[in-house]
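Working notes, structure below.
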Amino acid sequence: MSEIRTGFLTMATIILICIGLTMTGTGLYYRKTVSKCIRETDGSFVVIGLLLLVIPQFALYAICCHSKRMFTIYIYAMIFVSIVLGGYSLKCFIYNTTFGIAKNPAEEKRTAKQLVGRLVPESKLAKVTECIIHNHDCNFNASQNSNVWRYCCAQPRGCGVTTMFGQPGEWSWKHQHVENHVPEECSYEYCLSCRGCQMSILKAIVHQWKYLSMFSYPALFLVCLSLAISRSIMDTFDEPDDYRGYYS
């Protein structure tokens, strides 16, 4: 019976390590590909990933050494991991259930003022829109064709013959922002304060937490399962530190 529990703990540990490796890689990938203006969960991915990559390995050492002391260290460390994961999972759940933004943000009936609050404060929304202008994100990220750049960087209606891009798909706000050759009806505030833009920013933030939940939920379940199994295995040890190097 002990061998079966040990086998389940080993499998759960290996899966957790794989999840940790994937999350760490995802966080580092986010830092290189996602604009810092809307980058929200890259640090969370790296932190959780490193915890899952390192701490579950103690279970393998404890199993190999048949050490009660190592299991004790592992259990306390995993309790800390479960608290961290529980906090992130709760935040993901709140984001996912609070913000149900339409697939096409421009068709969302609610206004940004109805959605901003403690989760996404109004100052955060203002900071993102300011960042888009001053970092010239329309030049850098428009090719990704995400909703944020589609609705925040697209030329507003009513601009007449004045264009904000040199050729289709190539934005030139950087040049016009520097020389200030944009007429009043085509000002940056017109586009950045529109419903589609603001909803796209909120949706981009929420989507990152939703993606994080795809990892945090199963990881939290496996951590709790590993804790239960390791606690039952440790109860079978008679000595505080029973190092044998094999199973008996």
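Cβ atoms are placed via backbone N, Cα and C, with glycine included.
Relative to the membrane, Arg5 and Gly196 are listed by Swiss-Prot as lying on separate sides. In terms of DSSP secondary structure, the topological domain 'Cytoplasmic' (66-69) contains 2 helix, 0 strand, 2 coil. When secondary structure is read from DSSP and collapsed to three states, Asn96 (N-linked glycosylation site) falls in the helix class. Same-chain residues lying 6+ beyond the ends of the transmembrane segment (8-28) with a Cβ under 8 Å from its Cβ atoms: 41-54, 56-57, 59-60, 63, 215, 218-219, 222-223, 225-226, 229-230, 233. Non-local neighbours of the transmembrane segment (70-90) in the same chain are 44, 47-48, 51-52, 55-56, 58-59, 61-62, 212-213, 216-217, 219-220, 223-224, 226-227, 230-231, 233-234, 237; each lies 6+ residues outside the stretch with a CB under 8 Å from one of its CB atoms.
There are 15 other Cβ atoms within 10 Å of the Cβ belonging to Asn96 (N-linked glycosylation site).
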